[in-house]
Structure formats: structure tokens, C-alpha cells
Amino acid sequence: MELTTRTLPSRKHIALVAHDHCKQMLMSWVERHQPLLEQHVLYATGTTGNLISRATGMNVNAMLSGPMGGDQQVGALISEGKIDVLIFFWDPLNAVPHDPDVKALLRLATVWNIPVATNVATADFIIQSPHFNDAVDILIPDYQRYLADRLK
């Protein structure tokens, strides 16, 4: 597949997602990094977003809850180039009914080459990166060329 460049803006659009057993871990992480996160645009699946907003007072664009389609909504935003970073604390020790949605979300984040953290250590590395508040170029699939080739 041919690639093109997308610029992640200095003011990032960050998706926050956490499975039930990981919500408190994400809440603690958000509270610890609140001053920095407040400079960006936040999205989250339903329950997680409402919990974050209630605990911190931050504005969070809440989707549906993950099992009700929220993971897929976040995935769609990634595909549309509207999410720049995914922080997704998922529970690897407990299966969830919407496991296919979880796999699809992680697959889309990989396809569209956005930074992804699935644990606290990686989330800390991302948010503490010297480039976190900078505009950064990433390579993404050239969808227009892909579509043109498919329609030949």
C-alpha cells in the first residue's frame, strides 16, 4: 500500500478507553496528567468519559459505552483522521463480550499509525514525549490512491 503523510496537530485529539477492571487505573492516570490533558481535545467511550468528566471537570466528548458500540465509534473517528492518540487500558485477563470490537479498534489504530498505549508505562512514555505538544508528521495509508487502484 502506498503511504502519505498526515500531520498530528500540536493540540491532539486523544481517545481514552478502559475496560471495567482498568477504569480506576485510567482515572488515576488522567488525574495525574490533568494539567497537560486539559490542553488537548478528549474523547472517550461512554462510561469512561462520564467518569473522567465527573472526577476532573474536564470536557470529554463521550461516545456510547464500549459494549454498546463506543469502541466502534472511536475506531470510526480514527479511520476519519479525527483521533491522534489512543490510550486504551484493556484487561488482558478477562474476556469481554465485545472482544471483536476491541480487536478492531486496536487494528484500526495500527492501520492508521497513531500512537497507542495499552498500559500505564506506555501512556507515560507517550505523554512525556518531547513531541507530545508538537505537530508531528506520521505516515498513513494513502486511501485515495488505494481506492483509485481498486476501481481500475
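Just so you know, glycine gets a Cβ as well, placed from its N, Cα and C.
In the three-state DSSP assignment, the secondary structure recorded for ASP71 (active site, proton donor/acceptor) is helix. Sequence annotations record features per position, and here Swiss-Prot assigns active site, proton donor/acceptor to ASP71.
All protein chains shown were included, and the count of other CB atoms within 10 Å of the CB of HIS98 (substrate binding site) stands at 19. The feature substrate binding site is assigned by Swiss-Prot to HIS19, LYS23, THR45, GLY46, THR47, THR48, SER65, GLY66, HIS98.
Computed over the domain 'MGS-like' (6-152), the whole-number mean pLDDT of the model equals 96. Sequence annotations record features per position, and here Swiss-Prot assigns domain 'MGS-like' to 6-152 based on sequence analysis.
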Can you tell which of THR45, THR47, SER65 has the most other C-beta atoms within 10 Å, given these are the binding-site residues?
THR45
A correct count of other C-beta atoms within 10 Å of the C-beta of ASP71 (active site, proton donor/acceptor) gives 29
Residue counts (helix, strand, coil, in that order) that DSSP gives for the domain 'MGS-like' (6-152):
70 helix, 29 strand, 48 coil
Compute the C-alpha separation of HIS98 (substrate binding site) from ASP71 (active site, proton donor/acceptor), stating it in Å without decimals.
9
Among all the protein chains here, how many other CB atoms are within 10 A of the CB of HIS19 (substrate binding site)?
22
